[in-house]
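Participant: Okay, here's the structure, questions in a sec.
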């Protein structure tokens with residue numbers, strides 16, 4: 001690559017070089033079409049392209065992909081959604097709900113940033129133990145449930161019966 005990063009014309013698929021990891025591949029778009037974002041990611045991330053260029057990925061049967069940051073061992077995939085959770089984020093069981101859904105939160109500015117206007121970046125907490133498809137599906141299902149909870153809380157209705165068991 002000529003520069004520290006490359007992107008498609010729509011800037012919905014990006015490759016960053018030497019950021020937190022040696023290589024970071026990003027697929028994103030506004031809206032909520034996680035299926036399309038994941039499809040673009042899978043199509044864009046053809047390992048053969050990197051192998052032909054002499055840049056294979058490090059991978060082991062036991063740990064999955066070996067990345068610079070140990071928290072990304074495994075799939076290395078972090079599927080995130082920006083969502084406003086004004087009421088749910090104030091609920092006393094918000095952290096527990098995230099944990100039970102195997103999700104994590106951060107501000108939209110990245111790691112160690114606070115949410116602004118109750119907009120959070122919600123993503124999968126796991127990189128090991130689940131496939132990429134399972135991880136993305138956990139995000140899709142979890143965010144869907146949290147949006148339903150948010151709507152109930154907006155109407156001042158309880159959500160205790162919606163809190164899931166640990167996954």
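Backbone N, Cα and C define each Cβ position, glycine as well.
Quick paste from TrEMBL:
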type	residues	note
BINDING	24, 78, 79, 80, 81, 82, 106, 107, 108, 109, 110, 111	ATP binding site
DOMAIN	1-153	domain 'Phosphagen kinase C-terminal'
Participant: Restricting to the same chain and to sequence separations of six or more, state which residues have a Cβ under 8 Å from that of residue 110 (ATP binding site).
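Facilitator: Listed in sequence order: 121.
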Participant: Around the Cβ of residue 79 (ATP binding site), how many other Cβ atoms lie within 10 Å? Please give the count over every shown protein chain.
Facilitator: 22
Participant: Looking at ATP and its recorded binding residues 24, 78, 79, 80, 81, 82, 106, 107, 108, 109, 110, 111, figure out the farthest C-alpha pair and report it in angstrom, whole number.
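Facilitator: Value for the max Cα separation, rounded to a whole number: 19 Å.
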Participant: Show which residues of the chain containing residue 24 (ATP binding site), separated from it by at least 6 in sequence, have their CB under 8 Å from its CB.
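Facilitator: Set apart from residue 24 (ATP binding site) by at least 6 residues yet with Cβ under 8 Å, we have 15, 16.
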Participant: Let's check the environment of residue 81 (ATP binding site): how many other CB atoms sit within 10 Å of its CB?
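Facilitator: Total other Cβ atoms inside 10 Å, all chains included: 19.
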